[in-house]
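K.L.:
From TrEMBL, for reference:
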type	residues	note
REGION	26-109	region 'Disordered'
BINDING	Lys222, Lys460	substrate binding site
ACT_SITE	His458	active site, proton donor/acceptor
REGION	467-497	region 'Disordered'
COMPBIAS	467-478	compositional bias 'Polar residues'
Amino acid sequence: MAGSREDPVELGSDMDEDEALRYAIALSLQEQEEQGDQSSQIPSASTSTSHRKGTGSGGASLGLLSLDRKKMEEERLQRLAKRRRSPEDERSVYEVPPAKRMTPSEPSRTVTATATAHVLPSFVPYPKGAIKRTWAKGYPRTSDDIKIEEVFQKDKLELALLSSYQWDDEWLMSKIDPRKTKLLLLAFADSEAQKSEMRSNAPPGIKFVFPAMNGPGAMHSKLQLLKYPDYLRVVVPTANLVPYDWGETGVMENMVFLIDLPRLKDPATYRQTAFSTELGRFLSATGVGEGMVSSLANYDFSQTKHLGFVYTIPGGHQGDSLKRIGYSGLGTTVAALGLATDEPIEVDFVCASLGSLNYDLVGAIYNACQGDDGMVEYKSRIGQTGAASKNKASNPWQEKLKDRFRIYFPTEETVGRSRGGRNAAGTICVQPKWWRSPTFPTELVRDCVNTRDGLLMHSKMIMVSQMQAGSQLQTRPQTRPEPRHHDSGPAAAEPKTEEMSLGWVYIGSANLSESAW
């Protein structure tokens with residue numbers, strides 16, 4: 001059934017019980033592969049830095065070629081009969097309770113009754129979006145954490161578009177029911193030959209898409225679009241599709257943003273938001289096909305009005321395209337959400353990898369966090385002399401950022417004291433030659449210590465706050481405690497003004513490096 005892998009995949013397409021049954025029957029009738037074919041390997045869908053068993057272009061086996069199709073079909077028919085006898089069974093899937101809505105920096109927007117009337121009635125766990133951290137083995141569960149099983153909800157999952165930098169194929173397939181779920185994997189391959197091999201080895205129901213790199217590059221984005229009967233789940237994790245990033249070894253933490261978008265009764269009622277527009281542009285650039293992009297119009301994006309979608313696409317960009325990419329896109333998004341400001345801001349950047357940094361790049365990201373689309377930074381670089389760009393002491397950004405921009409990255413001591421030690425920190429890195437460079441902004445780096453003791457962080461977050469006049473409140477990530485000083489004076493004696501700060505947060509796959517932004 002090789003031809004079935006070329007059929008267009010749409011998020012809005014219906015697969016009722018009869019269609020699902022026909023699909024399962026088709027799988028059961030497919031000719032069984034020879035034993036030698038059952039051991040076929042699918043090459044790594046990540047770059048050469050992926051932690052995979054084996055060498056060369058071969059990767060971990062998907063393990064689907066050896067499935068017993070007949071047995072699968074018998075089990076499916078039994079489940080189908082049971083559901084028809086007892087409709088309540090369909091709603092017995094465990095779901096995480098709705099989380100509290102993220103507080104936007106603008107007054108909250110409400111959905112009108114007219115818009116709500118066009119949405120199919122159903123319960124969605126995260127209608128207004130939520131930020132979670134990944135569950136970690138050995139730590140108490142809280143309302144703030146989430147497991148990969150709770151993200152996927154495989155019993156109801158019809159279609160999953162997944163992208164990742166690192167993959168563990170066998171582990172991933174253990175989290176998906178291939179009898180119910182079609183997979184579309186955004187992957188990386190070194191050559192056309194490798195792409196062809198990966199496609200030919202993929203079982204039915206799994207399709208690969210290879211985004212154009214436009215030169216040297218890597219597929220580092222992490223995005224999940226998960227289609228259920230009544231809604232679409234958009235997930236932006238900082239985690240790769242490997243067990244240790246999702247807490248199963250108890251040594252690493254990641255962050256997850258997710259929002260559930262109800263399906264519209266009538267696609268004609270669809271209204272674009274900045275979030276849906278940029279999500280569509282990103283999907284178009286990956287090459288998933290316009291059918292999938294246009295199928296976004298089957299869902300209600302009204303609760304994304306306070307959200308932005310920021311991404312990077314490799315290659316050269318100019319004009320309006322440039323303003324939508326990287327830190328320019330971040331600045332454009334901040335401005336579009338009404339968060340732009342000329343006033344000083346506080347920036348806290350949590351990352352798992354540091355590139356060859358200098359104050360110019362950090363300054364450009366600071367400008368973007370104020371809502372600049374890149375033009376301020378561009379004009380600054382044009383007017384800067386060669387000596388200034390190479391000499392940290394003469395760079396005006398050093399003084400400006402020293403108390404306003406903090407970079408959180410674990411020290412060697414923190415890594416050594418963690419539960420997994422140095423062996424668990426393979427994806428947390430900075431090259432010594434970059435750190436020792438005279439232009440590296442070491443003064444901005446703070447030790448990153450998790451509130452869950454001993455757990456390293458693979459998260460990528462930017463937290464930006466702007467204090468209102470008279471306000472002295474500040475919220476920052478926890479760092480290693482400093483010795484307490486017993487100061488005296490008016491500041492310690494007088495009560496602080498209780499006003500809330502304005503702010504926003506970025507969750508995504510971008511570390512702090514020029515290649516990421």
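Cβ coordinates come from backbone N, Cα and C, glycine included.
Since the structure is predicted, the reported quantities are computational estimates derived from the model, not experimental observations.
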K.L.:
Within 10 angstroms of the C-beta of Lys222 (substrate binding site), what count of other C-beta atoms is obtained when all protein chains are considered?
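P.N.:
Excluding its own Cβ, the number within 10 Å is 25.
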K.L.:
Would you mind pulling the DSSP three-state label for His458 (active site, proton donor/acceptor)?
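P.N.:
In three-state terms, His458 (active site, proton donor/acceptor) counts as coil.
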K.L.:
Give me the Cα-Cα distance between Lys222 (substrate binding site) and the residue listed as 'active site, proton donor/acceptor', rounded to a whole Å.
P.N.:
13
K.L.:
Tell me the Cβ contacts of Lys460 (substrate binding site) under 8 Å, same chain only and six or more apart in sequence, or just say none.
P.N.:
Thr238, Met255, Val350, Cys351, Ala352, Tyr506, Ile507, Gly508, Ser509, Ala510, Asn511
K.L.:
Under 8 Å Cβ-Cβ from His458 (active site, proton donor/acceptor), six or more apart in the same chain: what's there?
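P.N.:
For His458 (active site, proton donor/acceptor), the qualifying residues are Thr238, Ala239, Asp245, Met252, Glu253, Asn254, Ala352, Thr427, Ile428.
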